[in-house]
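> This is the structure I want to talk about, given as structure tokens.
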């Protein structure tokens, strides 16, 4: 076991540290985090709407539905102004965070990113009337402003801001007297970099459309985004990301943050696509999303250890710590357990810390694929208790609640023998030897 830990520390730790400190990856992670209020707002709107409609459809509560039908319309407004425009909000956040990370005016970066994104998607839409397909020029299809345009926002927003930063660093800007108000100074100094960046992006789009006859956003959707989303639905990919997340955490590095580009760009896109489908009453397209990863994978990974410690540990110090950590662990605040027992860099706990989430993910993936549990539809916050989170995320599916309980029992059973082994090892060596350097 020690040889395995040494090997992983030598080869995996530097990779995790590099990922966690790479500037544009940090900006991408922060961009997805910044859009969380939009995702949660849209999710709540879909859940409330679904609850009201289900009351009429499944329970026959027609009066209840009539009384709350205005709430359904309100939820439609909220959804249309939040998740339905997710790519637009992401482009704004992505440009802001990337410019901020490069230490230039972030608002200029946000505007550049949004403009570059809008220039790169098709400015036409189709209207279906009397079974005929009518093309409308100078119009945006709202789907391109949602998850359909995510990769376009990521690529062209990032490219636009990179050019913006390049021109600022090269001092290609207006130099204004410092006697002017700071806001005006910044606005004038960023005008030329923003202008040049957008003209370059416009030129690239013109060349691409001239050569291929396609808008870049349409081409990107078919060639890159859809294949990547399909790849992210594979069982091996799901297991790999879950395992890497736990491995990074074992060395004290936030695994979800280190892998944010994968979790965000692929699974968050799938999550929002599911949310849009649920809002429209359509079939849910994706089996695995960022919320699936949260509720079935890493979330609650320490709660089973707390329960196993309370059930089987004979050491009073660990039982005391487990009692103190129980309430936070229920809400997925795992630091008291990660650093208190500790789990981090503790060879005794390495195997269950990795295998318990893998077992939960495997079972959840299987039963979802078989259709025994609804696919995840709504986004839920990470602090949602493990049993409640799946129930809400799967649109009030009681089977998801049952699955969460089974997952918890399986994880506790995996942890039990290692808790006993840790107790025995603790009797043979001083407690201080369990504490190893943190990263």
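In case you wondered, yes, glycine gets a Cβ from its N, Cα and C as well.
For reference, TrEMBL lists these features for the protein:
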- 8-418: domain 'PTS EIIC type-3' (DOMAIN)
- 31-56: transmembrane segment (TRANSMEM)
- 77-96: transmembrane segment (TRANSMEM)
- 108-128: transmembrane segment (TRANSMEM)
- 149-172: transmembrane segment (TRANSMEM)
- 192-216: transmembrane segment (TRANSMEM)
- 293-311: transmembrane segment (TRANSMEM)
- 348-367: transmembrane segment (TRANSMEM)
- 400-419: transmembrane segment (TRANSMEM)
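Could you place the listed features in the three-dimensional structure?
Long-range contacts of the transmembrane segment (31-56) within its own chain (CB-CB distance under 8 A, at least 6 residues past either end) are made by residues 62, 64-65, 68-69, 71-72, 75-76, 78-79, 82-84, 86, 89-90, 93-94, 96-98, 260, 263-264, 268, 271-272, 275, 278-279, 377-381, 392, 395-396.
Long-range contacts of the transmembrane segment (149-172) within the same chain: residues 24, 28, 86-88, 90-91, 94-95, 98-99, 102, 104-105, 108-109, 112-117, 119-121, 143, 189-190, 192-194, 196-198, 200-201, 216-217, 220-221, 224-225, 228, 265, 269, 272, each at least 6 residues beyond the stretch ends and with a Cβ under 8 Å from a Cβ of the stretch.
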> By a Cβ-Cβ criterion of under 8 Å, what residues six or more beyond either terminus of the transmembrane segment (348-367) are in contact with it?
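The answer is 1, 4-5, 235, 238-239, 242-243, 245-247, 249-250, 287-288, 292, 296-298, 301, 304-305, 341, 373, 403, 406-407, 410-411, 414-415, 418, 421-422, 425, 434.
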> Which range wins on Cβ pairs under 8 Å with the transmembrane segment (293-311): 77-96, 192-216, 400-419?
400-419
> How about long-range neighbours of the transmembrane segment (400-419): same chain, 6 or more residues beyond its ends, C-beta under 8 Å?
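Non-local partners: 295-296, 300-301, 303-305, 307-309, 311-313, 348-349, 351-352, 355-357, 359-360, 363-364, 367, 373-374, 386-391, 393-394.
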